[in-house]
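The ATP binding site feature in Swiss-Prot is assigned to G169, D170, R171, Q172, T173, G174, K175, T176. The site 'Required for activity' feature in Swiss-Prot is assigned to S373; the stated evidence is sequence analysis.
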Amino acid sequence: MQLNSTEISDLIKQRIEQFEVVSESRNEGTIVAVSDGIIRIHGLADVMQGEMIELPGSRFAIALNLERDSVGAVVMGPYADLAEGVKVKTTGRILEVPVGRGLLGRVVNTLGEPIDGKGAIDNDGFSPVEVIAPGVIERKSVDQPVQTGYKAVDAMIPIGRGQRELIIGDRQTGKTAMAIDAIINQRDSGIKCVYVAVGQKASTIANVVRKLEEHGALANTIVVVATASEAAALQYLAPYSGCAMGEYFRDRGEDALIVYDDLSKQAVAYRQISLLLKRPPGREAYPGDVFYLHSRLLERASRVNEEYVEKFTKGAVTGKTGSLTALPIIETQAGDVSAFVPTNVISITDGQIFLETDLFNSGLRPAVNPGISVSRVGGAAQTKIIKKLSGGIRTALAQYRELAAFSQFASDLDDATRAQLEHGVRVTELMKQKQYAPMSVAAQAVSIFAAEKGYLKGVELKKVGDFEAALLSYMNSEHAALIKLINETGDYNADIEAELKAGLDKFVATQTW
């Protein structure tokens, strides 16, 4: 096809008219100091607090200190090759992480990048790591249970959907084990889980991931990892990243559970960053805003009402509430719960589960101290049958502790006191539970019913565990319909009580303990 000169001229004019110059205006600065992962930048005039700053080599830093003549930023990743004079740019973006169902079953780092070798993640979009928590009007009261699978917790310290329940104790008292069992117990509950590992050994995290996979819970879980060898900035931000991933489900009318393991290490990482940024230290050398560090994170765990979900999804989801339940973990030193970070988190959360070294070493596992453990809002969410049956359990254990201490000094005890001690020691034995063996609502109900109605009275102490195992096996085979009904409805009425009693009477009559 031949073009004459006029056509060529017109074509060139048309192209010139359609040509658009896309100019990108970005503020550029120069690094003036580098030390311990902190960079000072001169020349960034309009940078935001928390903004991502682009460094050479596809890396980013986060602006934390905005000063008169410079900006203090923390590098997310390796910083050995950064030096004075290196040019950096603002991005105009706050840190965002990928969110969506594609993250379920995956292990990711703080930035949401996969580290499990399973290829790229198919995410549904991005969400800022720092989000303002839902307001008072957008929330709904906690009235649905989260079953942990532990008798001691579900009976005495119940947790509801949207609650923040602290797990606190010294090292090696079973804190992580309790949280992992709670995640394993959500396999069939529809609750999506997020496990955030902060400042732990990579081998420990690999073991947790392997256990979740073995028990079929990994497909329902997102694992966010910031190991002890990673930069303090990544350890500090990991809980916020995990929270953003959990909020994806909450805001769409679903239920999610997030475990922060643990927030003590996050506070230490934040303290390190703050001291390097030359912020004034306070109590235990923590900065003044360490309370806000945890409060703004834990306030995001909530149960939101139908209107919030409908507004967020623009009418795509109606008539559904969403929830994000948080299980933060705090490690104490020598049982000192009055230290700075433990007292902060205790005051923020809706209750706490105390795990004690002495109980753990004596063989009582989970090592829950029922005397000082409490759930401030979970009672309203407790399953009906467990709530009705477990009323006497806490009382029996509290009285047993008191009488056990007293009986050490008294040689002659009356029959009533002796009976209370016998009952208490058997209930304590019944509360023991193996790791990775969460129990269903019906199994817990049968065990607690046996304790409450005196069926453990003639059982030898060392045979209580065998008695429970045999009883549950018998009830599952002989009263399968009842077990199914309790698991599905959680109801408790005269008919269910009568059938439980008949089943236990028959079981006890055919067994010798």
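Each residue, glycine too, has its Cβ placed from N, Cα and C.
Features as recorded by Swiss-Prot, highlighted on the structure.
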| residue | record | DSSP class |
| --- | --- | --- |
| G169 | ATP binding site | strand |
| G174 | ATP binding site | coil |
| S373 | site 'Required for activity' | coil |
An 8 Å radius from the center of the G169, D170, R171, Q172, T173, G174, K175, T176 Cβ atoms defines the neighbourhood of the ATP site; name the other residues of that chain inside it, in order.
E331, L355, T357, F360, A367
Looking at the binding-site residues R171, K175, which sits with the largest number of other Cβ atoms within 10 Å of its Cβ?
K175
Taking every protein chain shown into account, which of the recorded positions D170, Q172, G174, S373 has the largest tally of Cβ atoms within 10 Å of its Cβ?
S373
In the chain carrying G169 (ATP binding site), residues 6 or more apart in sequence that have Cβ under 8 angstroms from it:
K175, E331, T332, F354, L355, E356, T357, A367
Please work out the number of neighbouring Cβ atoms within 10 Å of the Cβ of T173 (ATP binding site), leaving out its own Cβ.
26
Rounded to a whole number, how many Å is the Cα of D170 (ATP binding site) away from the Cα of S373 (site 'Required for activity')?
15
Using Cβ atoms only, which residues of the same chain lie under 8 Å from T176 (ATP binding site) while being at least 6 residues apart in sequence?
V208, D261, I329
Calculate the distance in Å between the alpha carbons (Cα) of G174 (ATP binding site) and S373 (site 'Required for activity'), and round it to a whole number.
15
Between the Cα atoms of R171 (ATP binding site) and S373 (site 'Required for activity'), what distance do you get, rounded to the nearest Å?
18
